[in-house]
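Taking it in order: structure first as structure tokens, then the write-up.
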């Protein structure tokens, strides 16, 4: 029996011209969905909504969900003690007073804690979502109720996505002086539509592999006109969010959408960076047979030493049960690969961008799309073969599940410190280039999270510090050290 025959399918075929299914507007937050189904057919752009203060400077699915969203945020705060600690320590100083931050990130309970921390530190914020499926509608409503200008809802169309970004940037009487981006779409939009805004921008903080790659391309071409902070390659982001977070959330996303059992399954993971390492470790622990594809000989050698067989995708595509992409590249899984997959093969993406799987090639008349549950499509070939596509090739864990709050606390604290650093840096400290977070800040972020584990650091004696040539208070590693 095929694993997925137990799921009832909707009658009729899904329209190929409709890029986003109605059911994709369901929320997958830990408190389930609070979406009013009667509102599903009405676009938030067509609604007239106001919060309790009479403000309509937002666009969310349903402002009435704010109470539920507030509970979500309060739950997240319990496991984000370091960020709350930073908020309390710096709240009196208001290090972001005068900062006007325009942000484009996933809008979840955890990022809401970050946004409200930035506001508590003196900043004015306008926010949109970096992924059309990852927004928790009730959280967006809670932010809007609190007075944050947020423009996002789960299940946006591509046009909605860019409209929301534009509403954040193009505002009469308000001009951003800081950018917090996740994926580079906001930065790209400002460069494309409103380049004059960069005259007032003090810096960009970027947290994703994809966005950082775009920034380095701009820098190399001499088109980067403001300083940018590469948060993605900070140790606290790369090692904890990319590795440990994905090690847990990959399983959560796959289980919620497919209920698949991994023991004995053959899985190919495309890419063995930090995200790929986390995915492979989790799958291996559950008894899956894991293959890895890589272009980098160093990462490939690491995969071999970790016990994984490194192959070309074309060598195993006919036999694997699950294909996971996490490269940050484009067309990693092509139509040719999809045509050769076995029946009921699961295909998903753990990279930020939706370019890794060639989903566009599947929108052809000879293939039938059936939506079986939120974020799960069966793509059916003429011979009856089905491929199970998750989140239409977009980021699996944040589109189909949630991610561990504690890990996001680490990333959010890093982002907050990067914004504070760039905003308050004296003129000339940072030029028009891409910078890494100072090592001292990385260590500070880590130290803020150690009390959660009741961890006690060993202190160097004066003699030991002199022997190693270190300051007793850090930094403890040189910038070139690889953790």
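Our numbering is plain: 1 for the first residue shown, then up by one each step along the chain.
The backbone N, Cα and C atoms fix where each Cβ goes, and this holds for glycine too.
What TrEMBL annotates here:
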- 1-56: region 'Disordered' (REGION)
- 17-36: compositional bias 'Low complexity' (COMPBIAS)
- 108, 182, 207, 237, 241: substrate binding site (BINDING)
- 242-403: domain 'S-adenosyl-L-homocysteine hydrolase NAD binding' (DOMAIN)
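In sequence order, 105, 180, 181, 182, 231, 232, 237, 411, 415 make up the list of same-chain residues 6 or more apart from residue 207 (substrate binding site) whose Cβ falls under 8 Å from its Cβ. Counting every protein chain shown, 25 other Cβ atoms lie within 10 Å of the Cβ of residue 108 (substrate binding site).
Spread of the substrate binding residues is 18 Å (greatest Cα-Cα distance among 108, 182, 207, 237, 241).
Cβ neighbours within 10 Å of residue 182 (substrate binding site), excluding its own Cβ and spanning all shown chains: 26.
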